[in-house]
């Protein structure tokens, strides 16, 4: 026993504690006085309440499903319903151009409002856009598209920040591998989210019908009213999320207030400037851009030039339902299999292969005669596109959560900036070039972006192994 320590039984008392006890008045020892007893508490420690982390992900996933099953179906119909002066396609181009610009400041807005409030505010833009489709014209759809661009930027940055924060908290509380938890949470979210294509387009298929005599589509008003009710319920569901924030060190904490505006502005400028100097972000950007390109291709080009000529406008719902079903299943599986950079690289390779098969088949004009087999072929192509999208969305979000812990909001803002920029480009410029040209550009972009991504995997893997050897 040292001179600086005293032991009573099995209880260790630090010298400073001993001095404090000596300085206490004698009345503190009187029975009934509420002092902390010097008795070891042998009761088992209370396990941290981790159920709320997974509960929040369940709520977040379901709320996004309800909001986006309506918006996704409405978006798929723009190039086929609102064809006068290309109103539908142009409104989507304006939407994603606005999305791109507002994504620059989205991380600032999320930090000021908090991720939960950003999610709630973001839903209002989607409700307004679907409502504008009840009376589609240049005076309703265009302003709604601009406002939705702002709302979409903050809801997606808020989603990425909220989900990553919950995953890190869950891994810390349960002593789990952080990358695996981020993969699991992203897998669950994107699997449920991808079902919006399946459910929303099944509703579209059930409520819409082609009028062969008048050459129009019936049931659009009823469809959009049903969608508005569903979206409202999704917005209400988001109110039950717990508030979260991420501090400057990337640590998660529950909070009632966010960082000040000055600190947020400084962090915003740092994150935007840092993207041009961070080699990891520069190597991810091409694949991020392709993920936006392939989404716009499905929404505008695939439905217009592949689905509609083969099985009609009413067939858009069934083909996009197949797209959503495979997207959801693949997202869930990909998320479960994600544990680190090696698994991300392998899974991304599968998604890239699926997308390449579709592009090559379309370039070769491979088709099956109309009828059941023709419809089945279209559903097969939609399923492969869904697999590719499910892989890219889960793995890019998981990869950003793993590699950019120091600035989660800024990294997810970069994700949306580059995705939306390519989506806007497709909606504005695809009508000016042939469908075959679009396919060639996409296939070339896919090959280049995948090669650059592989160089990122090699670089990060080499850096990680070097750090491990140095520690040894």
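The backbone N, Cα and C atoms fix where each Cβ goes, and this holds for glycine too.
Matching 150-169, 170-189, 190-209 against TrEMBL, the residues noted as transmembrane segment span 190-209.
Listed ranges 285-305, 306-326; the one TrEMBL annotates as transmembrane segment is 306-326. Contact between the transmembrane segment (439-462) and the transmembrane segment (190-209) does not hold: fewer than three of their C-beta pairs are under 8 Å, each pair 6 or more apart in sequence. Of the candidate ranges 57-74, 94-113, 306-326, 338-364, 376-403, 94-113 contributes the most Cβ pairs within a distance under 8 Å of the transmembrane segment (415-433). Among the stretches 57-74, 94-113, 221-241, 306-326, the one making the largest number of Cβ pairs under 8 Å with the transmembrane segment (190-209) is 306-326. Taking every recorded stretch in 57-74, 221-241, 306-326, 376-403 and counting its Cβ pairs under 8 Å to the transmembrane segment (338-364), the highest total belongs to 376-403.
When each of 221-241, 306-326, 376-403 is checked for Cβ pairs under 8 Å to the transmembrane segment (57-74), 221-241 comes out on top. When Cβ-Cβ distances below 8 Å are used as the criterion, the transmembrane segment (306-326) is approached by residues 72-73, 76-77, 80-81, 194-206, 208-210, 217, 298, 362, 367, 370, 374-375, 378-379, 381-387, 389-390 of the same chain, each at least six residues removed from its ends.
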